[in-house]
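Here's the structure, in structure tokens; my notes come after.
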Amino acid sequence: MTLSAFLPLRRLLQLGLLLVAMATLALPARAADDFLPPEQAFRFSAVQIDGQTVEVKFAIADGYYMYRERLAVAADPATVTFAPLELPPGKVKFDDTFNKDVETYRHALVFRVKAREAASPFSLIVTSQGCADQGVCYPPMKSRFRVEPAAASPAPPAAPLEAAGSSDALGGRIASTLGGGNLGAIAVLFLGLGLLLTFTPCVLPMLPILSAIVVGEHATRMRAAAVSVAYVLGMAVVYTAVGVAAGLAGQGLQAALQNAWVLGAFAALMVVLSLAMFGLYELQLPAAWRHRLTQASNRLSGGQVAGAAVMGALSALIVSPCVTPALAGALAYIAQTGNAMVGGAALFSMSIGMGVPLVLVGVGAGNLLPRAGYWLVVTKAIFGFILLGVALWIVQPVLPAWLAMVAWAVLLIAAAVFLRTFDSLPADAGPLPRLGKVVGVVLALAGAVQLVGVAAGGRDPLQPLAGVMRASAGAQPDARGVVFQRVKSVSEVDEAVRAATATGRPVMLDFYADWCVSCKEMERLTFTDARVRAALADVVLLQVDVTADGADDRALLKRFSLFGPPATIFFDAQGNQAPVRVVGFERAETFLASLRRALGTAQAKPST
């Protein structure tokens, strides 16, 4: 393998290092004993809820805290008065500055200020004071916000988030870490979060794609490593760019990539690559391109470094659409501060963490699998079927449920036929052919179960016999899960919440999309749980479908400071947004705990 084969990989490494360097330059250069200015340590923002009420927010940087007793509000002109402040409880600590126990806030503080009969515009003045953990306290800081009493919004107000223990507290801590500006802490935190995403829908679909690229031809260990690293760097560069753009735009750009045409095109590419795995053709770049990119490799499917980087980029864009607390926290910070370089560095580190298992798998595939002979042909064919499965998985969200189940049945039975399941084994057959026969029988049975499930009215490939079970139990189809009322706009949400408030019922607002894998998991694993259904029996269930990513969808996401599904917002019986929300997938037990924190045990009591 010649040195020129590593040139595309070296360029990708240089691009990655450039991103990190730009992020470093974006950070304020300060010594270890310097501190953030108060405006950055305690970021003030406010929004007018109605003609008399203002919601005040402080984003508190990591390593800093604010005093509860030092918060005060005033007005200019002073003729405007306010109702007594209702501040959330803080954490009690002994403070050397004041030589007594005080209540403090960390990470975030949200509260409301209500004016008493203000008829004309006025300036709200919020006085606050905080300190750094390293022992420096700031003088009192005054923040101003212009209030227009005539400007009233019918929107139910957003309640302050819990100081600790809420289901999206991880996102808040991540945003706080980013706000602290410590590049080392940011890189380590997001590298670890990327590793934690290994066995999630963010990474798993990439494993067979990379393995198929490496296994395309017999590759040495060095070549497998080069191809795997190139794949990961291509993924990381694009993931970072898309993440930064999404944060600056205030919405998830991946949603735009999840329409039927784009999914179909990428699935078709997977099918084309699978045909190469079956030996029907050899996919080659034009001679001039091959000479420019590398003189040591001729085939994309055999480990072309530049081709692997392109495939990694495409995989990051299309195969891995997910919104996690880690990503939500980074995007929240970028959207609020505009510091895209720091957020980009965080997403780059997270992508590298996600890529570590990919590199290990790629190197293993290139080093452990057979180099030549019949078993290499079998191995390549297995990866061909895996790629066909990936193609079907990609387009499944836009296919009718019955058609997806039929397609899985055909694929499983075809794999069984390839393994010669229906052929007789010779008497002297070895253990591996017999093992292949067993696997083939299992695949054939799985395909048959899919067909039986379709005939019985099943609509979930992972629960193909659900229709049979319902029929035998005499259950209605909607017994599988909760039934939502669809809402399409901010005004419809507001109207539905007001209607529920009039009857004294709480509300759960769920954000869903057809292309969202975690949404399907919530639908299949969480909302079908009998305890969850019982706990939601008296709750008004609303759902927003953001599959189309239209203007109303983006307005609703922005309204609740979300970047994409899945997410669940709660309103109490008085129409106030609860301080707990669910971001990402939660299993039934965790969701029930979030539900109880949001609505109280009286309204979210699980069945026994």
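Cβ coordinates are placed from backbone N, Cα and C, and glycine is handled just like the others.
All TrEMBL annotations are machine predictions without curation.
Over in TrEMBL, the protein carries these features:
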DISULFID  Cys131-Cys137  disulfide bond
DISULFID  Cys516-Cys519  disulfide bond
SIGNAL    1-31  signal peptide
TRANSMEM  183-216  transmembrane segment
TRANSMEM  228-249  transmembrane segment
TRANSMEM  261-284  transmembrane segment
TRANSMEM  305-334  transmembrane segment
TRANSMEM  340-361  transmembrane segment
TRANSMEM  373-395  transmembrane segment
TRANSMEM  401-422  transmembrane segment
TRANSMEM  434-456  transmembrane segment
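Location within the structure of each feature annotated in TrEMBL.
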residue	record	DSSP class
Cys131	disulfide bond	strand
Cys137	disulfide bond	strand
Cys519	disulfide bond	helix
Once the chains shown are all counted, how many other Cβ atoms turn up within 10 Å of the Cβ of Cys137 (disulfide bond)?
-> 13
Including all protein chains shown, what's the count of other C-beta atoms within 10 A of the C-beta of Cys519 (disulfide bond)?
-> 25
Where Cys519 (disulfide bond) and Cys137 (disulfide bond) are concerned, what is their Cα separation in Å, rounded?
-> 45
Around the Cβ of Cys131 (disulfide bond), other Cβ atoms within 10 Å, all chains included, total 19
